[in-house]
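Participant: Submitted below is the structure of interest, expressed as structure tokens.
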């Protein structure tokens, strides 16, 4: 009995000494009792399964004793190739128990992430497309190679997308809803706008790329970090099973307080071959203080205005990789037609679209894409901001007279019905959320969301000529974004709430394995050398 007591006391002392850090987020808006748990890099699948089984038992025991939290339990499970973790609603005692597991790297409070854009007036001139294919501002045409991103898939990790919008021509599908609100549509308009800039026929850069909508933010433009990490994980797995991560681009026009969990998830996506374009933020401050913009491996994008100055709202600093048009950008809106929005949210999809364009044209992927964008860009930005290491504005190569433009497909010549610059589309009947397109039986619907491994809809798009008539002035009621005002949103029908389902549990920890890890000399070396890796 004495020996057992000694062992128990020793284990408790070692566990307390080596407990994972429970991070503090004093300046962030946190989700009550919601946490993200990240495991150490060397955690095996068996270790992770044992931890989940133990967690189920421990959590059930704690809740049975106290029963102070509603809807508690695991929400999301993350399983990248080199990063495992989960999120959920837990009481304080359960979180302390979780932190004692030597396989846990850190525990982070779940915080609120928001879009980086705002709705402004309609019918301003469209200039972003022309700017990225010409050496000087003020050009009137967008010149591009006819490959136009064909064979590349773009993941819109955002508020959802109106996949039925005419500008997507059947190349957009609904992928996943990590908000779990039962509302498979874009009730904000933000995700549809950013997607139009990336792949739209009229407004887009990569006009032949495919698009997958991954909803991680609600109709108010905000959502928890845990759901965004889940959206990244889903996108990586879907890309792996549908053409490969090296033919995939992810756009994240969102951000919030610095989050180790979100940065690690973004880094994992890049490590597995995806290109990530991330908005720098709209606070006119150092982007290093926000996530995922502060993650070094992503391509962090600041916003430029029509005169090549840094947009007054754009964040700056060492995290910035590139600038792209972000002020007064016209793109698609849910239900048909278009609207104008400003923000680094509008700049990031210019980079994502151009990345897809270059990946198709030059066969590059991953980190090489951001480097190539820097090579092709022009040193045009004035007042890039304190500590910003670059003043490069993106360009598709037309500004330097070489690649990528071996077989240009110029915008049509001006005529009374076919203007040379991209114009707003003629109004049409609003698409119904989730309604399948003709000839595309594989497209998921709200009641049948796409799953990783599901094939894309048919390759060719209809190719019908798009009317060149300018869209008459129409004011679109937009969403209100943090720190900014906008007209009241259009009324939306209520949607039911669907709570997350906890993952089931199983066996307890292996005591012999724990003993070896606690008292084996190799444990100490590994713990201190890998804690922050």
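Placed from the backbone N, Cα and C atoms, the Cβ positions cover glycine too.
On a predicted model such as this, the values are computed, not experimentally measured, just so you know.
Take a look at what Swiss-Prot says about it:
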| type | residues | note |
| --- | --- | --- |
| DOMAIN | 34-115 | domain 'Inhibitor I9' |
| DOMAIN | 126-400 | domain 'Peptidase S8' |
| ACT_SITE | 158 | active site, charge relay system |
| REGION | 175-198 | region 'Disordered' |
| ACT_SITE | 190 | active site, charge relay system |
| CARBOHYD | 233 | N-linked glycosylation site |
| CARBOHYD | 251 | N-linked glycosylation site |
| REGION | 282-312 | region 'Disordered' |
| ACT_SITE | 345 | active site, charge relay system |
| REGION | 378-512 | region 'Disordered' |
| COMPBIAS | 471-487 | compositional bias 'Low complexity' |
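Let's see these features in context: how buried, what's close, how far.
Facilitator: Residue 158 (active site, charge relay system) falls within a strand when secondary structure is assigned with DSSP.
Following the DSSP three-state reduction, the secondary structure of residue 190 (active site, charge relay system) is helix.
Neighbour count (other Cβ atoms within 10 Å of the Cβ, all protein chains): 23 for residue 233 (N-linked glycosylation site).
If you draw a 10 Å sphere around the CB of residue 251 (N-linked glycosylation site), it holds 32 other CB atoms from the protein chains shown.
Residues 116-118, 127, 131, 137, 225, 252, 255-259, 262-263, 265-267, 270-271, 275-276, 318-328, 342-348, 350-351, 355, 367, 369-370, 373, 380-388, 393, 481, 483-484 of the same chain, all 6+ positions outside the region 'Disordered' (282-312), place their C-beta atoms under 8 angstroms from a C-beta of that stretch.
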Participant: In Å, rounded, how far does the Cα of residue 233 (N-linked glycosylation site) sit from the Cα of residue 158 (active site, charge relay system)?
Facilitator: 14
Participant: Looking only at the domain 'Inhibitor I9' (34-115), report the model's average pLDDT.
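Facilitator: Result for the domain 'Inhibitor I9' (34-115): average pLDDT 80.
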Participant: Reduced to three states, what secondary structure does DSSP give residue 251 (N-linked glycosylation site)?
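Facilitator: Going by the DSSP assignment, residue 251 (N-linked glycosylation site) falls within a strand, counted as strand.
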Participant: Have a look around residue 190 (active site, charge relay system) and count the other CB atoms within 10 A of its CB, chains all included.
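Facilitator: Step by step: centre on the Cβ of residue 190 (active site, charge relay system), count other Cβ atoms within 10 Å, giving 34.
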Participant: Write down the Cα-Cα distance for residue 190 (active site, charge relay system) and residue 158 (active site, charge relay system), rounded and given in Å.
Facilitator: 7
Participant: From the Cα of residue 345 (active site, charge relay system) across to the Cα of residue 251 (N-linked glycosylation site), what is the distance in angstrom?
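Facilitator: Pair distance, Cα basis, whole Å: 9 Å.
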